[in-house]
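A.B. asks: Have a look at this one.
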């Protein structure tokens with residue numbers, strides 16, 4: 001599943017994150033200088049053997065170092081950083097993507113003709129194009145955070161928050177929920193794939209299409225028999241549930257269980273049969289009555305939904 | 001009593017015998033716990049808070065063990081969530097704030113040369129409430145029922161009973177109970193600072209620690225009530241289904257965040273300023289000169305307190321607020337660094353201007369400033385919204401807040417421990433162990449928390465029970481874990497040092513050669529606090545006033561005796577500390593403890609939905625409070641006045657604006673009004689965030705205009721009757737005053753059904769939508785005050801009939817009037833809001 005640094009401010013691939021990284025560098029430098037200065041003054045104050053300074057000199061020290069210096073420094077800092085607090089303007093041509101946080105996964109919808117495309121746990125963005133993210137929450141608070149792309153933005157029931165971003169470098173990255181949301185808060189991540197615009201358009205077109213023909217008919221039958229379609233949708237079949245993640249192209253996704261495991265048949269089989277053991281507190285129940293063979297068949301069917 | 005008389009050693013000895021007898025602590029297996037003397041209660045308080053700190057620390061060690069390696073499974077997610085929730089909640093509510101109050105309860109009377117605080121029984125009540133509530137909350141983890149929603153308890157996760165269980169109720173109700181005791185202690189400390197200073201100690205001569213106590217207690221007074229209001233709404237949603245934070249029914253989870261952080265940010269300074277206060281005491285001692293910039297420090301402390309109430313939104317930078325408010329709160333958050341810098345440079349300037357004596361407490365002070373400055377600088381970083389959008393809710397913040405709290409609370413407290421231990425026990429702690437422990441703690445803190453800055457920015461969110469190896473933060477976490485155990489070892493060393501203390505020899509009196517009053521304490525301390533209450537003419541009287549210690553010890557100042565066998569202290573005026581009264585203090589009593597048990601039972605039984613039993617507990621609490629007031633307050637003395645020495649004669653009973661009781665009532669009601677403001681804020685908050693508020697349509701009728709106005713008129717009549725009763729009573733019209741009070745009781749009682757009639761007759765259904773829910777809440781809050789008002793008026797009436805209140809001794813009716821002023825304010829705001837606002841909007 002890739003190397004380290006996929007989910008790091010130190011590996012930025014977005015306009016905001018690049019700015020934030022350089023801001024961090026300057027802030028750390030300034031902080032280090034101030035820290036050394038304060039420590040040097042304290043230690044000298046204790047160690048020095050000469051004549052103590054007078055009361056008036058002490059007052060001057062408080063005035064210049066305690067009051068004037070921080071006031072000037074902080075004012076300068078504010079002036080320099082204020083422009084970055086302005087919202088980025090998303091033009092009409094911006095790509096609109098709706099992301100909804102659910103316990104403990106992400107519903108992702110791309111605006112487009114015929115109601116757009118719904119998928120889950122994987123965000124794909126075109127490099128160089130402004131993306132207007134509409135962030136909502138389905139149940140409790142979550143927070144959308146892709147450190148390499150931009151700062152985080154909370155997802156709040158009853159509100160729609162906007163986060164406007166622009167990727168600058170293609171690659172596979174990672175994001176994670178940053179607002180405590182329950183038992184599996186730690187297990188709520190997602191892949192972020194920044195793609196060249198042409199590749200992105202091609203991917204979106206594939207994603208908009210219905211499900212592929214079942215590669216494992218027994219798996220498809222078991223999927224229907226166990227009522228999976230009550231919660232999950234597989235476009236082009238009878239499965240039309242909206243409670244859980246859309247599975248139309250699950251086999252093409254990079255990871256399973258909201259960024260938890262590689263999308264392999266054994267992992268799928270385990271998840272299908274006993275999701276709570278992989279994800280404590282998940283709303284998907286365990287299916288102890290399902291045989292391991294059925295689970296394998298369903299897993300093969302799902303992996304085939306590429 | 002002249003100076004001359006005190007020359008007689010036999011007289012002095014007789015006085016000392018009488019003082020000793022009066023202040024003798026109660027003995028016996030049970031009775032010893034009924035003591036109310038600040039020296040005892042303060043020590044229990046400190047030990048209990050210290051115990052909770054160790055407990056919460058162990059919880060953190062378990063978390064660090066779990067996070068030592070990626071994908072570890074030492075504890076499961078459920079346990080881990082309980083661990084971090086309890087760790088944060090306990091460190092804040094059961095350690096940092098109570099520890100400040102505990103230390104202040106011990107130190108304040110000594111700093112002020114008072115015999116005790118003005119309301120010793122209130123301190124005892126606060127302690128027992130703290131102990132009961134603390135054990136209840138902390139103990140829940142042994143039943144796998146601890147709160148697991150984070151110390152911030154954000155709804156809707158925590159208000160949905162299908163997602164979070166009993167733990168959320170334990171958090172809300174258990175900690176609300178402790179918040180009540182924190183506010184009680186704040187009232188005690190504010191009145192203590194304002195009214196119990198020694199003669200001559202004008203405000204500008206107060207020891208700086210007393211200034212900080214005043215500032216911090218006032219902050220508690222205004223910061224905790226909004227949280228209590230939030231707790232109330234929170235439990236109404238959990239227990240009754242009133243949808244304050246449920247977006248589907250017009251509520252908004254963001255309201256909780258506002259109420260929580262209006263409390264939560266001042267809270268940071270509430271736990272930090274007391275440590276600065278300790279520095280302000282020990283740095284002049286070790287620089288052997290008065291602090292440079294006393295007025296600067298006072299101004300900076302007040303400024304910090306003021307600003308700290310304007311920063312809460314920086315905890316909500318990522319909630320999608322309007323950008324203009326981000327800029328404002330970024331600026332305010334940066335600005336708070338300025339008064340902090342002023343305070344730190346006042347200390348550095350004092351070191352430069354003095355001849356420094358190196359010592360263990362000073363080592364802790366300087367070391368903690370170093371750690372604190374790192375936390376302060378990262379604090380400025382996160383005040384900048386664009387940086388905070390990355391750092392928020394990551395381990396960077398965990399690092400930041402621990403640098404602030406370890407450098408700004410914990411290590412200074414250890415420094416204070418090494419500094420003040422001789423004051424409490426008469427013995428010094430070991431320099432060798434103390435300095436070793438310091439360096440272990442210093443290394444441990446940095447090794448634990450410095451790597452977290454990096455792991456946070458490398459993608460580690462807070463409150464995760466595990467993390468994948470692919471983030472590349474395994475080694476950083478391992479370092480943090482090793483550091484945390486090193487830090488724990490440092491704490492253990494300090495504990496060992498404390499445990500060895502009883503075997504060590506007594507140290508001399510005032511071993512550090514300090515200049516402030518508290519160091520009058522003698523190694524073989526007596527329970528009376530101070531031999532005679534001194535006349536103060538300078539900020540460092542032991543250094544600057546001639547023969548000061550000797551004069552105090554020989555009883556040459558005020559109140560050197562206890563002729564009538566009563567515990568007493570001197571009350572002075574607020575600004576310039578002119579003596580105005582000799583206050584008779586409550587003797588040891590079991591009532592405070594029993595009241596705490598009764599009130600605790602109300603909160604605990606409600607947690608388990610045992611409402612009938614909880615009502616019984618509430619009735620018992622009311623009965624105990626009334627008994628306490630009846631037997632222990634506004635007692636008519638056996639004589640008008642008594643001499644206090646130097647030819648001064650002071651009254652034994654005063655009432656109205658210069659009395660301690662009046663001030664306590666006034667300050668308590670300020671807290672009450674602040675909590676009420678939190679609820680009113682809720683009403684108007686919903687109006688601003690919901691386009692349709694109040695909503696229209698069937699089922700959404702408001703309470704109408706008529707009944708709220710009737711209730712308002714009845715409340716106003718009750719208020720008017722009480723004010724008139726106070727005035728006629730003072731002029732000798734006892735009969736008329738009784739009739740007026742009786743009328744007041746009737747009017748207050750009538751205001752209850754009138755206040756509820758509006759929402760009731762309109763059939764407002766509080767489970768349906770947030771609008772009826774908040775209207776009901778405001779109405780119930782207000783009529784509950786009418787009920788308390790009726791009891792208070794009836795109490796004053798009964799006191800008059802029983803001969804315990806007369807035109808000369810009229811504190812009861814004056815204090816009841818203070819309550820009624822606030823009641824009228826509550827009624828005006830509530831009834832105009834629910835009755836008229838819907839008409840206007």
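Numbers here mean position along the shown chain, with the first residue as 1.
A Cβ is built for glycine as well, from the same backbone N, Cα and C atoms used for every other residue.
Automatic prediction, not curation, is the source of TrEMBL annotations.
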A.B. asks: Which stretch does TrEMBL mark as transmembrane segment, out of B:565-584, B:585-604?
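C.D. replies: Based on what TrEMBL states, transmembrane segment spans B:585-604.
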A.B. asks: Out of B:637-661, B:662-686, which range is noted as transmembrane segment by TrEMBL?
C.D. replies: B:662-686
A.B. asks: Check each of the ranges B:170-194, B:520-544 against TrEMBL and return the one annotated as transmembrane segment.
C.D. replies: B:170-194
A.B. asks: So what's the average pLDDT for the domain 'Cytochrome oxidase subunit I profile' (B:17-553)?
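C.D. replies: Mean pLDDT for the domain 'Cytochrome oxidase subunit I profile' (B:17-553): 95.
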A.B. asks: Excluding the flanking five residues on each side, which residues at least 6 beyond the ends of the transmembrane segment (B:706-725) place their CB within less than 8 Å of a CB in that stretch?
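C.D. replies: Residues packing against the transmembrane segment (B:706-725) from afar: 736-738, 740-741, 743-744, 747-748, 750-751, 754-755, 757-758, 761, 782-783, 786, 789, 793, 796, 813, 816-817, 820-821, 823-824, 827-828, 830-832, 834-836.
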A.B. asks: Mark yes when the transmembrane segment (B:206-228) and the transmembrane segment (B:362-385) have three or more Cβ pairs under 8 Å (sequence separation 6 or more) and no when they do not.
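C.D. replies: Judged by the Cβ rule, the two regions do not touch, with the required three close pairs absent.
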